[in-house]
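To start, the structure under review is shown below, and the notes come after it.
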Amino acid sequence: MSVDVNEYLESVLTDLGVCGKFQLLFYCLVYGSMVPAAFSVLMMAFGGLEPNWSCNWLSKNGQVVNITSQMMCKPDNSTTEAVCFSKTFDSSMSTIVDKWDLTCDKEWIISTITTIQLAGLLFGAFMSGQIGDLFGRKPTFFVSFIMLFTFNLLAAFSLSWQMFAVLRFFIGIASGWYLTIYIIILAELTSTKYRSGIVAFPAWPIGTMIFGLFCWILHDWQNIQIATAILCLPWLIGYCFVPESYRWFVSRNKVNEAHQVLIKIAKLNGKPPPDFVKLCDVIAMSKTENTRDRKHTVVDILKTKYLLKDSLLLNVCWISCGYGYFAISFGVQQLSGNLYLNIVLLGLVDVVQILVSFIANKIGRKRTTFIFFAVAGITGIVVGILQFLDLNNKGQLVNGFAFTSKMCVNSGWISLIILTSEIYPTVVRNVGFGLNNSVARVGAMTAPQLVFASKHMPGLSYLLLGGLFLLSCICLVFLPETNRKALKDTIDENEEL
């Protein structure tokens with residue numbers, strides 16, 4: 001009787017226990033490791049902020065001129081010709097802006113550094129998938145932490161903004177590397193039944209809230225860089241406990257190593273280990289049946305009509321999520337009230353994502369995504385319009401709608417991830433997911449530039465956010481609820497453009 005190897009490996013994992021001691025230790029280590037990763041990605045949300053400053057003016061004949069001008073690059077309403085020969089920055093916080101005087105004609109550098117970091121995130125995500133397939137999930141996972149530790153520590157002692165920008169690029173690579181392999185190692189060591197719930201666990205929002213607390217305590221970009229590096233070290237001890245993915249061992253025909261991983265899980269959970277002979281037989285039978293199988297690539301998506309159409313529609317949704325999430329996160333200074341509290345609240349509202357899996361199972365993936373996207377779009381436009389109005393409670397209104405928009409952007413993205421994974425047939429699922437994930441990073445790279453532009457054109461970043469998410473709602477209408485091929489795990493070779 002033929003036995004599908006994936007079904008068998010899934011049943012083995014279920015038999016070994018899905019809520020045992022192994023899962024408790026494994027999830028604590030992997031989820032905990034998200035904290036330094038969140039710090040690494042979000043550091044520029046604080047490190048790129050512009051502290052209050054004032055100029056010390058000098059006239060043409062070299063005399064000091066007393067001109068009152070807060071954060072003005074040129075004298076305001078003054079007939080005196082003067083130049084700003086030095087600046088005095090507010091000492092309540094220290095960022096890269098006061099470190100290298102990135103104001104006035106240099107303020108574009110801040111958003112450029114952030115974009116460079118997000119470009120590294122895209123590059124790292126691509127590298128991680130390839131390296132993880134070649135060398136295994138475990139070494140790839142822990143190498144990302146060595147990279148995060150090294151580059152964050154070096155960035156803290158940057159000698160120039162150019163050096164800092166280069167190191168932020170490598171921090172972006174390490175972060176993208178980590179975030180990709182993080183999902184893979186979680187998915188491959190988690191039973192399918194609980195996988196969507198595991199993905200929806202708010203590890204990132206918790207990391208964001210802790211980041212806000214650290215910013216409040218340290219209020220210095222250099223200390224935050226050092227703290228990020230130090231936070232990477234405790235999770236490296238997990239190398240002795242976190243196993244390699246047994247599924248990866250099977251894919252590399254290392255059956256004995258896969259069996260050893262399963263024995264370790266069984267021992268920790270107090271369950272009997274799987275039968276080694278049966279494991280070998282099932283894998284051998286699967287290899288015999290799949291000798292004619294071929295590798296599928298993005299070309300298969302491009303030449304298959306319905307997959308190409310679905311991919312283009314999904315691309316719009318993923319671009320919107322990538323842009324929306326980072327536009328709000330890196331635009332935290334646009335909000336009123338306490339800066340550090342706002343950073344914490346931006347993480348707190350994302351905790352709602354833990355309910356996404358439950359809602360999606362009740363009303364469907366597409367409907368759940370549509371509702372979150374619609375609310376995100378409407379509230380984003382409202383924030384953009386409020387920037388042009390003069391209201392007594394404008395600050396509170398902007399914050400309320402911005403936090404709501406952030407919550408719906410993040411929750412909608414989680415729902416979109418589930419929807420995307422079910423739209424693609426199995427043979428191109430990883431390829432399709434990787435394609436959309438890359439597109440999201442491109443959207444994220446534009447966010448810092450639009451946030452920078454919003455300093456001169458208030459409301460621009462939020463108006464664009466609202467427009468993108470309402471456009472994404474239209475795209476969702478034309479997407480299937482799930483894979484239209486039902487339970488079919490292949491694509492029709494004849495159904496091409």
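The count begins at 1 with the first shown residue.
Cβ coordinates are placed from backbone N, Cα and C, and glycine is handled just like the others.
Below 8 angstroms of C-beta separation, residues 93, 95-97, 110-111, 113-114, 117, 121, 145, 148, 152, 168, 171-172, 174-175, 178-179, 182, 185-186, 189, 198, 201, 203-204, 206-208, 210-211, 214-215, 221, 224-225, 227-229, 231-232, 234-235, 238, 241-242, 268, 329-330, 332-333, 339, 343, 448 of the same chain, each at least six residues beyond the ends of the transmembrane segment (24-49), sit close to that stretch. Annotation comment: TrEMBL describes 24-49 (among others) as transmembrane segment.
The domain 'Major facilitator superfamily (MFS) profile' feature in TrEMBL is assigned to 40-484.
Positions annotated as transmembrane segment by TrEMBL: 108-128 (among others). Listed by sequence, the residues of this chain that lie at least six past the ends of the transmembrane segment (108-128) yet keep a Cβ under 8 A from its Cβ atoms are 41, 44, 48, 50, 96-97, 100, 102, 140, 144, 161, 164-165, 168-181, 326, 330, 434, 437-438, 441-442, 444-449, 451-452.
Annotated transmembrane segment per TrEMBL: 140-159 (among others), in sequence order.
Annotation source TrEMBL lists transmembrane segment at 165-186 (among others).
According to TrEMBL, the transmembrane segment annotation covers 198-219 (among others). Packing against the transmembrane segment (198-219) from elsewhere in the chain are residues 27, 31, 34-39, 42, 46, 92-94, 183, 186-187, 190, 227, 339-351, 353-357, 410, 414, 417-418: each is 6 or more residues past its ends and has a CB under 8 Å from a CB in it.
The feature transmembrane segment is assigned by TrEMBL to 225-242 (among others).
According to TrEMBL, the feature transmembrane segment maps to 312-333 (among others). Only residues 6 or more beyond the boundaries of the transmembrane segment (312-333), in the same chain, are considered here, and those with a CB under 8 A from a CB of the stretch are 42, 44-45, 48-50, 114, 118, 339, 342-343, 346, 369, 373, 376, 380, 402, 405-406, 409-410, 412-413, 416, 420, 423, 432, 435-437, 439-444, 446-448, 450-451, 454, 461-462, 464-465, 468-469, 471-472, 475-476, 478-479.
Long-range contacts of the transmembrane segment (339-358) within the same chain: residues 45-46, 49, 93, 196-197, 199-202, 204-213, 215-216, 219, 328-329, 332-333, 368, 399, 403-404, 406-407, 410-411, 414-415, 418, each at least 6 residues beyond the stretch ends and with a Cβ under 8 Å from a Cβ of the stretch. Taken from TrEMBL, the feature transmembrane segment covers 339-358 (among others).
Taken from TrEMBL, the feature transmembrane segment applies to 370-389 (among others).
Residues or ranges marked as transmembrane segment by TrEMBL: 460-479 (among others).
In this model, the domain 'Major facilitator superfamily (MFS) profile' (40-484) carries an average pLDDT of 87. Taking pairs at least six residues apart, the transmembrane segment (370-389) and the transmembrane segment (460-479) share three or more Cβ pairs below 8 Å and count as touching. Sequence-distant contacts of the transmembrane segment (165-186) (same chain, six or more residues past either end, CB-CB distance under 8 Å): 30, 33-34, 37, 40-41, 43-44, 109, 112-114, 116-129, 131-132, 137-138, 140-141, 143-145, 147-148, 151-152, 154-155, 158, 198-199, 242, 245, 437, 441.
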